[in-house]
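**Q** Okay, here's the structure, questions in a sec.
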Amino acid sequence: MTDLSKEGPPPGETEYQRVQRSDEFQGLRRAFRNFVFPMTALFLAWYFVYVLLANYAHDFMSIRLGDSNITVGLLFGLGQFVSTFAITMLYARWANKKFDARADALRREIEEGDL
Amino acid sequence: MSGNLTLAADGTAGAPTVVAAEATDIGNPWVNIGIFAAFVLVTLVIVFRASRQNKSAADFYAGGRNFTGPQNGTAIAGDYLSAASFLGICGAIALNGYDGFLYSIGFLVAWLVALLLVAELLRNTGKFTMADVLSFRLRQRPVRMAAALATLLVVFFYLLAQMAGAGGLVALLLGVDSRAGQSLVIAVVGALMILYVLVGGMKGTTWVQIIKAILLIAGAAIMTVWVLAQYGFNLSDLLGGAVEAAGPGGEALLEPGKQYGADSTSKLSFLSLALALVLGTAGLPHVLMRFYTVPTAKEARRSVVWAIWLIGIFYLFTLVLGYGAGALVGPEAINNAPGGVNSAAPLLAFALGGEILLGLISAVAFATILAVVAGLTITAAASFSHDIYANVIKKGQVKPDSEVRIARWTVVVIGVIAIVGGIFAQNQNVAFLVALAFAVAASANLPTIVFSLFWKRFNTSGALWSIYGGLVSCIVLIVLSPTVSGDEKAMFPGADFAVFPLTNPGLVSIPLGFLLGIVGTFLSKEKPHPEKFAEMEVRSLTGAGAEKATAKH
């Protein structure tokens, strides 16, 4: 087990603050934010591109594909479903494989400590 | 925004179009009532069985935190897919084509906010309510009070809209068209809801939602396959059928803009709605509360993953069902039917499978209202009892037993308010209430949740500015909007004080909510509490110290 307190806590520091300062936690936090923040920006941007196109680019969204009744707008709309499912699966995979083990290790360290 | 747009986006099955409805002349109301009664009977038995294990506050509010991810995910779908999602969106697609499809996308994409930013962190830091998280590192009493008020308002708006919609649904599906008859049905729905929640607590409510979600999604799946089979499983042919049935100009069904593309104001209104939908879901208190019913953050994640699949697949079904109703029933028949736009799905069921399928689909629509109102009621009860009574009034010095007792009384009071409000509102255009609920959730709740989870500097003053600012701006803007006055479809068509042109306040109130959170934070001289932030941040990411599930009984 890693020693979280090798420098000794500054006076008045709580255990949670000590964990918060640790490299393990900072790494975990960075990994989490590096995944969810860009992903959130991505899906929100893609959603608003879609909404703005549907709102202000009627001609483009009304283009038919070949001689079918499927329009570009319908494909974009279905694309929102596909991207939502894809991001869901990506996040679940990442969290299950990369995030959980590190979070659990820290949790055990905290709960088995003298907190 | 036209009445239809409000309707589909807003949760009420009934409201404007159903107001003038007459008794349905298709199907057999007794078949519908019989199937619905069977649903009530089965769920009541399950609720009574579940109630035997209701002992602690965690049992009553959070179902003992013992539900699995898939169970909770299904219950979330049951909680979220209101009658509007089914009847409203099918009808909107049948009559307005592509524009109807647009709502379902906002409702679905919104779940990514919950998945990535909220669900797991909330499960790790809170106990029963949204206010648990918001007040974690801020001054308890003022923040809890504000969060509880926002919760109660959102729930009340949503509940009233659902109850008023129930009256309209009765006219459509059961052939009850007198005001007294509709009031009686609202009272029955309210009484059943009180019974479910009082007896079953969160556990019973969850099972009702699970059963309802399965029925709703299975019913929609059967109808979808049935419709597609008629067109050789070719989506393009189905769309062609809808265009043909619509007659001249039917091509517009495949293009955006048929419904809200009229002018630049209606386009801005739609933009505003789109913003409120995508940011509102993760701030809806009854959605947030569901994350506490699972044992760990990992299960909360699995819940949302399941919910996203179920909700997404359901909305894909509604695309087929909407165009199917347009093609097989035809817009004229839908418009002329009692219930208008809302009758598209039931009429399609009748066209496909006759009386029995109609009965099944009608019963599912009722079960939907029942399950949604039960979820709302337990959320309001938890918020009043846990936040206002136990933590604000009694300052946390209260036995869990008496907290649950207060919660049960709150259930009764809220049930009665919902019945009276529903009866009072049944001939009013209250469809804007759900739009308002989403807007308040996005403007008052979400900024505070996000700031308190991710922004170290955030403080009590910021939270209060954000919650009250978001809340007040939403309500003021909606009162001053064309949904309340100055429009023939408005709540008060005779008056005109609509100085705000958009039908949804989100475009203004959501950025304002975030902005006020920042301004309020910087204006305050409150000393920061780094130790509380450390505790919250470490707990939220690692799950250390998170509430445990109660032992299996």
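Cβ coordinates are placed from backbone N, Cα and C, and glycine is handled just like the others.
Straight from TrEMBL, here's the annotation block:
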- B:30-48: transmembrane segment (TRANSMEM)
- B:75-95: transmembrane segment (TRANSMEM)
- B:101-122: transmembrane segment (TRANSMEM)
- B:143-174: transmembrane segment (TRANSMEM)
- B:180-198: transmembrane segment (TRANSMEM)
- B:210-229: transmembrane segment (TRANSMEM)
- B:270-292: transmembrane segment (TRANSMEM)
- B:304-325: transmembrane segment (TRANSMEM)
- B:356-385: transmembrane segment (TRANSMEM)
- B:406-425: transmembrane segment (TRANSMEM)
- B:462-482: transmembrane segment (TRANSMEM)
- B:502-523: transmembrane segment (TRANSMEM)
**Q** Is the number of Cβ-Cβ pairs under 8 Å between the transmembrane segment (B:462-482) and the transmembrane segment (B:356-385) three or more, considering only pairs separated by 6 or more positions?
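**A** Since fewer than 3 Cβ pairs under 8 Å link them, the transmembrane segment (B:462-482) and the transmembrane segment (B:356-385) do not come into contact.
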**Q** Look over the recorded stretches B:75-95, B:101-122, B:270-292, B:406-425 and say which has the most C-beta pairs under 8 A to the transmembrane segment (B:143-174).
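**A** Of the candidates B:75-95, B:101-122, B:270-292, B:406-425, B:406-425 scores highest.
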**Q** Go through B:30-48, B:210-229, B:270-292 and flag the stretch with the largest number of C-beta pairs under 8 Å relative to the transmembrane segment (B:180-198).
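**A** Ranking B:30-48, B:210-229, B:270-292 by Cβ pairs under 8 Å to the transmembrane segment (B:180-198) puts B:30-48 first.
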**Q** Among B:30-48, B:210-229, B:356-385, which stretch has the most Cβ pairs under 8 Å to the transmembrane segment (B:304-325)?
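**A** Highest pair count goes to B:210-229.
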**Q** Which stretch, B:30-48, B:270-292, B:406-425, tops the Cβ pairs under 8 Å count with the transmembrane segment (B:210-229)?
**A** B:30-48
**Q** Using a cut-off of under 8 Å between C-beta atoms, tell me which stretch among B:75-95, B:101-122, B:270-292 contacts the transmembrane segment (B:502-523) the most.
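**A** Per the Cβ count, the answer is B:270-292.
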**Q** Is the number of Cβ-Cβ pairs under 8 Å between the transmembrane segment (B:270-292) and the transmembrane segment (B:75-95) three or more, considering only pairs separated by 6 or more positions?
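**A** As far as Cβ distances go (cut-off 8 Å, pairs 6 or more apart), the transmembrane segment (B:270-292) and the transmembrane segment (B:75-95) touch.
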**Q** Go through B:75-95, B:101-122, B:356-385, B:406-425 and flag the stretch with the largest number of C-beta pairs under 8 Å relative to the transmembrane segment (B:30-48).
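**A** Looking at each of B:75-95, B:101-122, B:356-385, B:406-425 in turn, the most contacts to the transmembrane segment (B:30-48) are made by B:356-385.
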**Q** Grab the same-chain neighbours of the transmembrane segment (B:406-425) for me: Cβ-Cβ under 8 Å, and only residues 6 or more beyond its ends, written as numbers and ranges.
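**A** Counting only partners 6 or more residues beyond its ends, the transmembrane segment (B:406-425) has Cβ contacts under 8 Å with 57, 60-61, 156, 159-160, 162-164, 166-167, 183, 186-187, 189-191, 193-194, 197-198, 373, 377-378, 380-382, 384-386, 389-390.
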